[in-house]
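For reference, TrEMBL has these:
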type     : residues : note
DOMAIN   : 61-155   : domain 'P-type ATPase A'
TRANSMEM : 15-36    : transmembrane segment
TRANSMEM : 175-193  : transmembrane segment
TRANSMEM : 205-227  : transmembrane segment
TRANSMEM : 671-690  : transmembrane segment
TRANSMEM : 702-719  : transmembrane segment
TRANSMEM : 740-761  : transmembrane segment
TRANSMEM : 781-802  : transmembrane segment
TRANSMEM : 814-836  : transmembrane segment
TRANSMEM : 856-876  : transmembrane segment
Amino acid sequence: MLQYFSVLLWIIEGFIMFSIVLISFSFLACLINYFLMRKSRLQLQQLANIKQNVKLIDNKIIDGSELVVGDQFFIEEHLQLNCDCLLIKGDVMVNEATLTGETVPIPKQAIKELSNDIYEHTLFEGTKVIKISPYQQNIGLVIRTGYGSMRGQYFRNVLFPPLPSRVFYIQACKFLIILGLIILSIFTLLLIVKYQYMHYSIKLIIVRYLDAITWIIPPALPIFFSLNQTISLLKLKQIDIVGSNPIKTEDSGKIDTICFDKTGTLSTLGLQANDYIPHQDSLLEIMACCHHLTIINSELSGDPLELEMFKLADYDINFDNQKYFKVSKNQKCFQVIKIFEFNSHLQRMSVIVFNELENQYYLFVKGSPEKLIELSNKQYDQSLLIQLQQQTYQGLRVIGLAQKQLMFDQIDLDRNILENQLNFIGLFTLKNNLKNDTSQVIQELLKSNLDLRIISGDNPLTTVHCAYESNLIKNKQNTIILDYDDQQELLLLQDLNQQFQTKTQLDSKLGSQFNFIIIQLELILNRNCDFAITGNLWGYLLSNKVNDISLNQSIDQSYYKQLRQIDEIDIKFINCLNNLVRKTKIFTRMKPNQKKEIVQYLQNQLNKNVMMVGDGANDCSAIAEALVGVSFNSSDASYTSPFSYKKDSIQCVKLILLQGRATKSIIIEIFQYYVLISVLKFTGTALLQFQGMNFGDFQYIYMNYLSSIPVLILLTLSLREDKLTDAIPNDNIFAINNQLQFYNIFILTSFSCLIIFFIVIDNSEPPTLSNPIDSYLKEGPLNSVMMIVNQYYNMIICIILYQSNPFKKPLYLNYSLLSWIVLCLIIAIIVTFNKYTRSWLSIVDIEEEIFRHVDVLVFFIIFCTSALCYFGQSILKLKFPLIKSIQI
């Protein structure tokens, strides 16, 4: 609206050409932004659209996009689903890479009865069917479509992201309003003191008042902010970082906390079989049977962990004429007759097998060792616990193995009944190595004083070992793991300084004594060590933060006393939880929603600007919650996060931070530069109007569009620095360093304009004005000198404001900007000293109109003022340095 108001006002003032250029430029800038946005949206649309036909159960063939909730259709091989559906008949194998980023075949079975957990029976939109059961029809029931599907929700988050923090822009508006009020007050004072004696017409005074607003609040400012963000996104794309939200490039410039997922982010996705303990055939039998591998395109496919496990077992597998499969080795032969899929909540999977040699049924189980120990008959070898501690302490991925003999009449029982009283017999271990550059990048990030955390679903000791190997913690033995046993209601303290995870149970049951746990945690947190907490403890703390006081009791003195006690407990709890999160570097055994809660807590309670870095599998909610999210997937899962890196390296975190800081720094410079040159033009205009003069139409065009606007555009092409430091741009407009630097330039340049103004009017003939003054003179010695002054300052202010190290490379490496500045300064010098080249800017012969060598004097004043501004800025930067990201 301000742009249209400005155009209307300038047309009334007679600046027709200037108004046309403003509208044309604004239209062109909007058009460029539109095409860039349109291109991004078309790419998103191509990802979202799945064009194929599906066959309904009444044999009618329709386009997949026409499916509605309640439709039933046949599921065929190679089908990519257009909706979320429930598998009501059949068995299929799907690839959910578009949702999880992991190209792993996932089995789905028909639902037998309704329950709260229907994940293993649900086929999600975007997943590809890679294998179907050949023995029966496979039918799906549509339950969600469009934005209601899980995939649709991801797209909705991209299209309608959470409203970003706009503190900088709010401050900018406040600053412009304050600056505008100051300048308008000065203008009013001048009107009273001077203008009324010059016989200006009422119309001209009103127009001038309104005109002042358009100079003080630059109408095109938001366009250049948006242009800078979009160009930053294109710069990242050149280094294989794909972004979907330009605003996030600016947000990444203020990141001070980074949360990493472990598997697939810090460590590789691939697992390598290590060993099985103890070396008994019974363990190999479980490893050969307890999986859901399948044959796809004549190759054995499935979960990488299960492939490694089966490979180590060294059994033969046969799928011919089998519902599932049969494995054999030497004379042993096991037929798998039922599979209970892995469930993240149950932390295990199991199979029912028939041992043909023994004519006996068995239940084979693999999963979390802690969970299998909990479900066991407690008659296991106690040395396995020591082995478990040793293997996890070394950072190995450990899988527990258990078995149980079954009678024939037990094989149809519910899994929750079967998976009890197990014989826990051993462990299977895998290596999960760090990515090649993880340790180096983490070290660089720590040197830049960033606060780094790991939020993982893995075993606590494995995650601690990963943190140690990646240099996130210096000494893993100086680490305490805090856990909670919800069955016994005990807080568990695990001090790694003691030998292999010695657990300490704190003195009392905590179920009815929530205050007790707070006191104990406060004592523990006073220790000088690193902390890791588990999802069990985190869930317990959050679930007990609301105190159970009855609000139905009579309100008397004892009630208020109880309320005061609860307030004290709440305050103590909040302080304790804040301290716990502040000191904890490692969050383990975290569920997806708990990862989101951690990020949420860091941002809302500790006021941190958080970047979440994950592999796209279980991190989507945390990535969406963080100020900036990063994914490493090269698959379609890249659209679930604002940034996605095509390479398998966390080097992109450093690159995004560097570009973000450069983007934020440029935005601050754009704001200061545009406001300063606008105020300077206003100052020049106000001084001209003391003599009944103003700038000409083309002079305005040159100052605004042919001179300064290219500077703003080319400024966005500045190169980011290569080295990350502990400084982040201070985007607080009202911070003392930003205020002093702004007013240093504003005061000195305005003062030089004032000196030159008095020199000119004291040494030249006053212009002949009409009475009353209803229009301005647009040519004369004062007009010419002020035009020359503005030409110089438009370039010099950019040089003074340009902040290179530590955010951007020096100005001389931005070849296009440097070339433009040099060109404009050369033009200004030629116009100043060569009277034969001035006519195109309506500049008169100032030496003849004022006095000889006035051009040298003006140049000298500008040079001295510019030198004072530059040295003043240098001193201010030393006295008031950039803010630092402080580690919590």
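Every residue gets a Cβ built from N, Cα and C, even glycine.
Here the transmembrane segment (856-876) sits against the transmembrane segment (740-761); at least 3 CB pairs are under 8 Å, leaving out pairs fewer than 6 apart in sequence. The transmembrane segment (205-227) shares more Cβ pairs under 8 Å with 671-690 than with any other stretch in the list 175-193, 671-690, 702-719, 740-761. Per-class residue totals from DSSP over the domain 'P-type ATPase A' (61-155), listed helix then strand then coil: 19 helix, 36 strand, 40 coil. Put simply, of 175-193, 671-690, 702-719, 781-802, 814-836, the stretch with the most CB pairs closer than 8 A to the transmembrane segment (740-761) is 671-690. Long-range Cβ contacts of the transmembrane segment (671-690) within its own chain (Cβ-Cβ under 8 Å, at least 6 residues beyond either end) map to 172, 176, 179, 183, 187, 190, 194-195, 198, 208, 211-212, 215-216, 218, 220-221, 224-225, 703-704, 708, 711-712, 715, 733, 738, 741-742, 745-746, 749-750, 753-754, 757, 761, 776, 782-783, 786, 789-790, 793-794, 797-798, 801. Mean pLDDT for the domain 'P-type ATPase A' (61-155) in the predicted structure: 84.
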